[in-house]
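Novice: Please read through the structure below; I'll follow up with questions.
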Amino acid sequence: MDVIHLFLATLLVSLCFLTAYSHLSPEEKPKDDRSLRNNSSMNLLDSPSVSIMALNKKSKKISRKEAEKKKRSSKKKASMTKVARPRLLQPAPCVATRDSCKPPAPACCDPCASCQCRFFRSACSCRVLTRTC
């Protein structure tokens, strides 16, 4: 009985390996050592070299000072460019054309417009029916 279980387990593992290997795309399949060496040498020549340098404390301080100067200068420019804004006028107690005018809202601003409601008074808007009133 143990031999049968061992055989079935081996068969199951081999089938799992076969299905996983057959579903790999061609570029994911393992290659031989020669092709790997050729690809790695070509990749090294194609990519640009990158050098990483550590910053010392002095250069960090200089960059922080430069950043603070930039912040200060931008704040000064922003404060100089501020212009007195005109006061916003209170909106008139009316609804502009094509805006919502549901019943508790005031009347339409345009004398030729009227409030039209659709879909059981759920969507209402001010519309101009005729240009000549």
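The backbone N, Cα and C atoms fix where each Cβ goes, and this holds for glycine too.
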Novice: If you have Swiss-Prot open, could you say which of C101, C109 makes the disulfide with C94?
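Specialist: That record, Swiss-Prot, gives the partner as C109.
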Novice: The disulfide recorded in Swiss-Prot for C108 goes to which of C124, C126, C133?
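Specialist: Partner cysteine, according to Swiss-Prot: C126.
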Novice: C115, C117: which one closes the disulfide with C101 in Swiss-Prot?
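Specialist: As annotated by Swiss-Prot, the paired cysteine is C115.
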Novice: From the candidates C124, C133, select the one that Swiss-Prot records as forming a disulfide bond with C117.
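Specialist: Disulfide partner per Swiss-Prot record: C124.
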Novice: Have a look at the disulfide-bonded residues C94, C117, C124 and say which one has the shortest Cα distance to C108 (disulfide bond).
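Specialist: Nearest candidate: C94.
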